[in-house]
Amino acid sequence: MPHNAAAAAARLSIAPMMDWTDRHCRYLHRLLSCQTLLYTEMVTAPALVRGGAVHLLEYDVSEHPVALQLGGSDPRELAKAAKLGADAGYDEINLNVGCPSDRVQSGSFGAVLMEQPALVAECVAEMIAAVDVDVTVKCRIGVDDQNPQDVLPEFLARVIAAGCTRVSIHARKAWLQGLSPKENRDIPPLDYPLVQKMKEYFPNLHISINGGITSLDQAEAFLDSGLDGVMIGRAAYHQPSDILCQADRRIFGTGADTKPEDAVMAMIPYIEAHLVSGGRLNQITRHMLGLFAGRPGARGWRRALSEGASKPGAGPELVLDALDQLETLAARQEAV
Ligand SMILES: Cc1cc2nc3c(=O)[nH]c(=O)nc-3n(C[C@H](O)[C@H](O)[C@H](O)COP(=O)(O)O)c2cc1C
């Protein structure tokens, strides 16, 4: 993979999402788009460095280009964790400066670091010194009563000075008091124009916009407006086919569209291997529920998988049966 493959792929990326973008989810997403940049769930630097939890770095080689997201605020520990990630073959190491959860706040990392740009810059500099791959930052526009118009450019100037050349910005504040992490993804208002303004201030910084983007049309409009990348989270998880099946052609300008049916068939050997190694069907199929969202038979597909996959002994035939039913229904609807 060329050195800056992750930067090129960042025209479209799937956001890091704890418990969602695990390796099975990423394997599926990669079947739907060859080029989109995929992010891991956040892995904390202490878990890797102090806890020795290097199994958290496992991924399938097909997932490239794939970025590892780290959480932490100790520059030395983050540098060590970044090195572990780079040695494991990740194409990019990303620092989480956006996650508002309590657990993360108490460890003094995530969005609360928006208040400590000097420390973030130190973390970034140490990480860059430790690895050859791109080190990037995912941040918010501010937290609590900060004024984003002031703090965001200051924050970006600091990380740029530390050597960071690429960021993703979730275009809303995190309110660290009184909102749950889930509410913090919906309630603080989005400010897309502010993120667009950052591109004017820092034309050489690769900026991906994130937050509330639900279609490729919207993604294309942001790219046309001059932003370098678009990062999509929840919509890509819930309607992966809508976001990913046309992404290679429309966003990257190369490659053919993919079909969710083909992805399902390609998942079968992957599922079989997972079951043979002692895994459960549901660990994979839970990420496949939205594959046919908005299409005839979507509800039956979702029901068959969600009800059947956790039953003892459930195997790939459940998935094949559900696909069969969906295709029969679609053929019947076409005939009328
Ligand atoms: C279930 C879930 C888990 C998330 N976990 C992380 C995480 O580990 N690291 C992170 O930076 N952001 C995390 N996020 C935030 C997303 O990366 C993204 O910034 C946010 O969902 C807004 O984008 P969207 O509107 O396209 O979903 C998470 C979001 C969700 C829904």
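Glycine residues also receive a Cβ, built from the backbone N, Cα and C atoms like all the rest.
TrEMBL annotates Pro16, Met17, Met18, Gln69, Lys138, Asn210, Gly211, Gly212, Gly233, Arg234 as FMN-binding residues; of His55, His170, His274, the candidate listed for that same site is His170. Listed in sequence order, the recorded positions among Pro16, Lys138, Lys182, Gly212, Arg234, Arg302 whose CB lies under 6 angstroms from an atom of ligand 1 come out as Pro16, Lys138, Gly212, Arg234. Counting every protein chain shown, the number of other Cβ atoms lying within 10 Å of the Cβ of Pro16 (FMN binding site) is 26. Neighbours of Cys99 (active site, proton donor) among the recorded positions Asn210, Gly212, Arg234, Arg299, Arg302, defined as a Cα within 10 Å of its Cα, are absent: none qualifies. Distances between the Cα of Asn210 (FMN binding site) and those of the recorded sites Asn96, Arg185, Arg299, Arg302 are shortest for Arg185.
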